[in-house]
Amino acid sequence: MSRASRLPYVLLLLTVGVTSTPLIPISSSARPLTLLLALPVLLLHILNRRGFGRGALNVFVGLLAFYLVFLQLFVLVNPNPQINFIFKGQSYFQDIFSALLTVVVFLLHYFAFRAAFVYLGAARATAWVIYGVAVSALVGVLQWILNQAGLAELSHRVTSVFSVSAIVWRDRVRGLAFEPSWLASQITVFLIPLLAYRYLVVMKPVTVFALGGRRVGVGAVLAGIGVLALAMTFSRGGLAALLGTAMMVLLYLTKNVNRVRNIVRATLIAMAVVVTAYGVSNNAYVASALGGLQQAGDVQTAFATANAGPRFAAWEAAADTFSQHPYFGVGLGLQHRYFAASPPRWAVSLPEVQAWLNPAVPDRGNPKNLLLKLLSESGLVGAILFAATFMVALIQGRNWTLALFMLPGLLVDFFSLDSLALITCPLALVLFSEVSYARKRRYNQL
């Protein structure tokens, strides 16, 4: 395996942190740099007559994609007159095709990541994923330094060369992601769990360079950068995911709690989480969420107190759409039209909701909740196929420890993820199926 032959696969995994590249000339916030590399990698892989690994997961991914494409074709030829109008500058049919493209992007990412893991092996491929997210986290730390020096505009301009954002973030950092919550998502779903798995389970350090003939481990440094960048995003979901991941790691360590080393590790992890949580909780954005928890008896009031009233309104509308179309949904990318046709009355006065209802403003009434999005737009059939696909990936890999570490971040991310065009789902599927605990001693495993 030559360095030249590995390069396309390495670049694909190294760029996973760039979620909104200006090199893709579309208006969507979800335009990852990996999309530019996925098709060349796939073509190269196919031309060299290389396979894509075990087939069961590939079949389920294909079934999910086939159903979503069929659903889009059905709503295309059977339009609902209540939502068939020009809205936000796009026609009903344009919204259908735009959503259809996200399915194509999902497939491209899945098979490209699968090709990279098959060719490089899980050990090398996972290391490059770690490096890719760590680079974005390091950029986030540098952004914080520039912001504190009053150079937020400069930080924004430099970062926008590689990854664009809708606004200039002055009090929070986004790394190479579109917004802070996306950076927090990648850190908690991929960086921290993968580092914990390599260090605690496989006992294989992450290395970058050799010194005196020995490889130098940098896993602790990368983990520190990740936690630091996560704290600087002031992401409420990121903080919850970090706490959940820490609990899972501590749960794993209790299996060998008699060892002094694990007691020290558990203590250090607990201290790091407590310090991070305390620092982040002092931020006004996070404090609003903590204040909302005090109103937990009234969910609507709790979300409003946490400055998330519009989010709850979108959730309520998506749940209502699902109750009216429970089996097959209304079609991908169309929920915001149903929201505009029948928004929750209590939320109409909210400024953000008014923007969602204004045809001249591009913002849409998106629940930013993948589970509700699938239920409302693809129905029970789509949601079950999606869940079954993840179950097949877990059963193929049988790596319950890695799943345990990734589960908190992934679940939190599902409550904010709003597009299949991002790398989260396809990369998680590949990791679950390819990083096999039962075969970890083989060269191509961790």
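Placed from the backbone N, Cα and C atoms, the Cβ positions cover glycine too.
Taken from TrEMBL as is:
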type	residues	note
TRANSMEM	30-48	transmembrane segment
TRANSMEM	55-76	transmembrane segment
TRANSMEM	96-113	transmembrane segment
TRANSMEM	125-146	transmembrane segment
TRANSMEM	182-200	transmembrane segment
TRANSMEM	212-231	transmembrane segment
DOMAIN	224-387	domain 'O-antigen ligase-related'
TRANSMEM	237-254	transmembrane segment
TRANSMEM	374-396	transmembrane segment
TRANSMEM	402-432	transmembrane segment
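Looking at 30-48, 55-76, 125-146, 237-254, 402-432, the range that has the most CB pairs within less than 8 A of the transmembrane segment (96-113) turns out to be 402-432. Each of 55-76, 125-146, 374-396, 402-432 was scored by its Cβ pairs under 8 Å to the transmembrane segment (30-48), and the highest score goes to 402-432. Within the chain carrying the transmembrane segment (125-146), a Cβ under 8 angstroms from the stretch's Cβ atoms is held by residues 9-10, 13-18, 116-117, 152, 154-155, 159, 169, 173-177, 183, 186-187, 190-191, 194-195, 198, 206, 208, 222, 225-226, 228-230, 232-233, 427, 431, 434-435, 446, all 6 or more beyond its ends. Segment contact holds for the transmembrane segment (374-396) and the transmembrane segment (55-76), given three or more CB pairs below 8 angstroms at sequence separation of 6 or more. Confidence over the domain 'O-antigen ligase-related' (224-387), given as mean pLDDT on the 0 to 100 scale, stands at 77. Residues 93, 96-97, 99-100, 103, 106-107, 110-111, 114, 328-332, 334, 378, 381-382, 385-386, 388-389, 392-393, 396, 429, 433 of the same chain sit 6 or more residues outside the transmembrane segment (55-76) yet have a Cβ under 8 Å from a Cβ within it. For the transmembrane segment (182-200), the list of distant contacts is 16-17, 19, 126, 129-130, 133-134, 136-137, 140, 173-176, 206, 219-220, 222-223, 226-227, 229-230, 233, 235, 237-238, 241-242, 245, 249, 252-253, 265, 401-402, 405-406, 408-410, 412-413, 416-417, 422, 424, 427-428, 431, 435, 446: same-chain residues at least six beyond its ends, Cβ to Cβ under 8 Å.
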